[in-house]
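These notes concern the structure reproduced below.
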Amino acid sequence: MKLFPRTLLKILVVSFILNFGVTSKSYADDTLDTIVNTLQNLTCETQGVGDLLRTEFSQTCIVAPFFTFAIMNLVSPVLYMNTFLKLRINDNELFGTQFPGGQCTRENRADPNDLKLTFGLCSNLKLAGVRAKAVVDSALAIAKAVLTGNDPWDDIKEAWKNNKADYYNIYTQKPEDSGTMWDLGVPIFWKVVQDNDRICVGTYGFTGVVPVGCKYIKEPFPKSMYNSFMDVNDTNFIDDPNNKAVDPLALVSCSAAGGGCYQKAYNASRTAVVMTSPLIECIRQMIARLLISEDVCSFDDVNAVVNSASRQTSALFQFQVGMYRIVTAFLTLYVMLFGAKILLAGQVPPKNEYINFILKIIFVTYFSIGLNITPGSTSPYDRMDGMIQWAFPFLLNGINGLASWVMNAAPSGLCKFNGPDISYDNSVAYIALWDALDCRVAHYLGLDMLSTLLVENTYKSHNFANFDFFSFSAPPYIYLLIPAIISGNMMLVSLALAYPLLVISVAAFMVNATVMCMVSIVILGILAPLFVPMFLFDYTRGYFDSWVKLMISFLLQPMVVVTFMITMFSVYDFGFYGKCQYQSKLIHNSIEGALQGQTFKRDVLVFFVDNDWTKYSKEDAESCQNSLGYMLNNPISTAFNFAKDSVEQIVGSKPNQTCDPKAADADTKCNPKPGDSSTSSFLSKFQFLSGVILGPGMFFVSPKLLFEKIKDILLALVTACFTLYLMYNFSSQLANFAADMTEGVALSSVAIKPQAVFKAAMAALAAAGNATKGLDQFATKGGGGGDLLSTKGGRAGDLVKGSGGGGGSEGGDSFTSGGLRETSSTAATPSSALSSVGKSVGGTATPSSASEEMLDTSFSNRKPIEAPVSQPTTVSTQIDTAIKTEPPKVSAAEVVRNTAEDKLEDLSSKLNVTKEIKEAVPESQKEEPKEPRVKHTTEVEPELNLDENLGVTRTIRGLDKDRKFTEQESHELKIGEAGYVKQEMRNAQIRDRRAAFEKETEELYRSVGGRAKDKATERNDGTIENRSKKIDSGSDENP
């Protein structure tokens, strides 16, 4: 058993080599399919991934979004993924015989009377045995070929033929059946469960059984969850004893067979990248359910609900029933007034008035409450109105019909979905408009690059022999975006993304405007029983006219928006692609592959530039080849044409020589020779070089050809930029322009503006650019706080020393006074680190542990400072008499760092300036009150004597314990209310105190940072003494 994994690995390697060798067979129809098959057949897991890529959702009949797949993996980790990749339900090769046409078709749904589910689980163990047998058969075929000399490839192909039934375990189980399949030691748990009208096979998770693959149960079961009145016990819908329902709603387009609005639109779409059509289809189905019945999803099914109670769920029907008596009263009043008019006139009115009278009554009745279509019936369900039968279908289909005429009128042939080779079902014909929009957006954003690459290279010759990786429709902005991202230049990024963002913004506005117009038409249509009767009287006729005008405006506004978009796209096409024409290729069985048992095929129309120059005139071909878009999208072809043109210009015919390529004579045939073409004749083609004077030493001819390419590129760029500028400015007024043209309401207030996405993206890019610029500036300064400090005053230690807080460049917390030094701990208190004036007495060091000191110690041993710095402006202060708590400790290095980083709040919170005095001042010191207060030495700058400066701000009103201003203004009372004047006076006082605090803090910060200038050099000792007295007395006057 130890050798089993190694043997299995060898078998897999051999199978891969042999499978890859089969691809060299000449009769391989498609190399890509063969490679995918080779990779797919290695293990059960790779087969599961391959089936997802080629045949969507082969493990289930009910399509689920990718979000469900992600959530299930979280609910059932490992188990769900293993079961998901090995499970097969929608597989014709396994179940085609038992279920003709596919297990997922409507005919092959689960029978409610005999409820069972058939599914298969892939076994790697059986697959390894099948591969081993294939290896043996291949070896025998090779040996036979050696002996007989025949070709062994047919036998090898037959040996490796993929027969899924050989390595799949097939199960047919009913609900609540469960089991375990062991695959190479890994258990695969499964259980069959019933979920409403579905039968599923699942695995175990944290929440119980997690469904993995499901299929529907046949209708009706036992009461339809889609049509509430469809019941097998209702004999009105049964015509035979087999309980076969004949309900007309059983086969409507939005029944269970349709797969929902998203799937219906996706299946009907003909573009490679589907974006907008599912949204529009879902909106249309919602409107149909709202206006007709919840059981239908299209106006084509309106006849299915005639004389049916399901109309009760219609909002329009309910409003019509409620307005029935009011409309009848309006009609009665109109008849009475018309009769009174005839009686008062005294003569018979003309016949046209009788005709207008009758037509008005019929019009109002038909479009407001409906006409009875069943003679003798009084049921409101028998009434059919003109809004449902005529107005809504005309308006809603007209929105898309008028716009599609403009959208498909592309001169270049790009994204035209109304050609003879493509057709839509009548119920989804409107999707041609949204396919054209999706195709345009995908083409300009480069979302269709991969599909165009494969189609253009493979479907021409059905192989990769002439594969050109560089020939795909990459939008030109990609070539600007790549260097912009690499260089980090946000200006290039903005320039590169300007046009795609504008395309996205205008496209989003078109979709939003169309949806808003459809919803607005629905709202106005529901109110038809209220506005239509106003048509009867001249006094209320204006309301009816406004109602009709709004309906028509909402019908035409999307067409105006589409006209603008197609104009913008056409100018863009001409600016970037010149006169290039696009060719389309209809792909059958496209990337999605066969869905639901190979019974459905989605055709995709892919567009690419037609490079068959025989279809162009000479002028159009040159315009296309010299366009910026063609050169960027086809670099190999452009380089080849450039080299060919250069050779033709260098190796040209002689001037004034008549050439005939078909002539037999070599001289007449004009075989090109080097140097025969003159420089003058070459330069004559370029008008912008007409002023060049030829002379000896002119440059070679071939580089001169670059002028033409550069000229074409610059002209294309200028045209594109000018187009972008015009369209950007015009798009800002697009909503108002459309409203003015149709005399309606502008949608700019209720819909996304045409420039919304563009402006938001540009603002994000600008913010990113500012952030990048800030990082660059920070990096240029060294990226560290030391450099920042150096630029603002030298080294950290020098700044501390110069401020009185450090003893050298090392930043140590030592302080010098008269040749004696006091050494404190690393985290010195503010009094020891910043106020050494009050701690050195008589040249003796004061212990740092002392907690009770005099605020003003002896001044006899201190000499006056020669150039004191001006003190900050004082605010209202108050000095207490006792020290209640020891001030928090702070190091000088922290003070410097906070100063350099402009952190005023941290500084004010760390420097506790509350200093109180417990002991009385000694008598010896009281005898000399006139002696001025001085600093240590001239080495200590007076600007950091913060005992005085910070003492000024310690009792400002509104400060909390962290020294932050917390007082807030109150604006609860309004003008005229009691207490309003007192409130405003208090607010003014708070503003004054806040301003004083901010001013004092700023001056204190400048003093600590050493940036305040020396403005007090003229002050004498008396000024300092007066300053001390004012502080001691609590005065709030400024010195």
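Cβ from N, Cα, C; glycine included.
According to Swiss-Prot, the feature compositional bias 'Gly residues' maps to 802-811.
Under the heading compositional bias 'Low complexity', Swiss-Prot lists 812-836.
Feature annotation from Swiss-Prot assigns compositional bias 'Polar residues' to 843-861.
As annotated by Swiss-Prot, compositional bias 'Basic and acidic residues' applies to 917-939 (among others).
Sequence annotations record features per position, and here Swiss-Prot assigns compositional bias 'Basic and acidic residues' to 1004-1033 (among others).
The region 'Disordered' feature in Swiss-Prot is assigned to 654-680 (among others).
As annotated by Swiss-Prot, region 'Disordered' applies to 799-875 (among others).
Per Swiss-Prot, the feature region 'Disordered' maps to 917-949 (among others).
Under the heading region 'Disordered', Swiss-Prot lists 1004-1039 (among others).
The signal peptide annotation in Swiss-Prot covers 1-28.
The transmembrane segment feature in Swiss-Prot is assigned to 326-346 (among others); the stated evidence is sequence analysis.
Under the heading transmembrane segment, Swiss-Prot lists 354-374 (among others).
According to Swiss-Prot, the feature transmembrane segment maps to 387-407 (among others), an assignment based on sequence analysis.
Swiss-Prot lists 491-511 (among others) with the feature transmembrane segment.
What Swiss-Prot lists as transmembrane segment is 517-537 (among others).
As annotated by Swiss-Prot, transmembrane segment applies to 551-571 (among others). Residues 395, 398-400, 402-403, 406-407, 409-412, 414, 433, 437, 440, 444, 506-507, 509-510, 513-514, 517-518, 520-521, 524-525, 723, 727, 730-731, 734, 737-739, 741-745, 747 of the same chain lie 6+ residues outside the transmembrane segment (551-571) yet bring a C-beta within less than 8 angstroms of a C-beta in it.
If one looks beyond the transmembrane segment (491-511) by at least 6 residues along the same chain, the residues whose Cβ comes under 8 Å of a Cβ in the stretch are 276, 279-280, 437, 440-441, 444-445, 475, 477-478, 480-481, 483-485, 558, 561-562, 564-565, 568, 572, 720, 724, 727-728, 731, 734-735, 751-758, 761-762, 765-766, 769. Contact between the transmembrane segment (517-537) and the transmembrane segment (710-730) is not supported, since fewer than 3 Cβ pairs fall under 8 Å when only residues 6 or more apart in sequence are counted. Against the transmembrane segment (354-374), the recorded stretches 326-346, 387-407, 710-730 differ in Cβ pairs under 8 Å, and the greatest number is found for 326-346.
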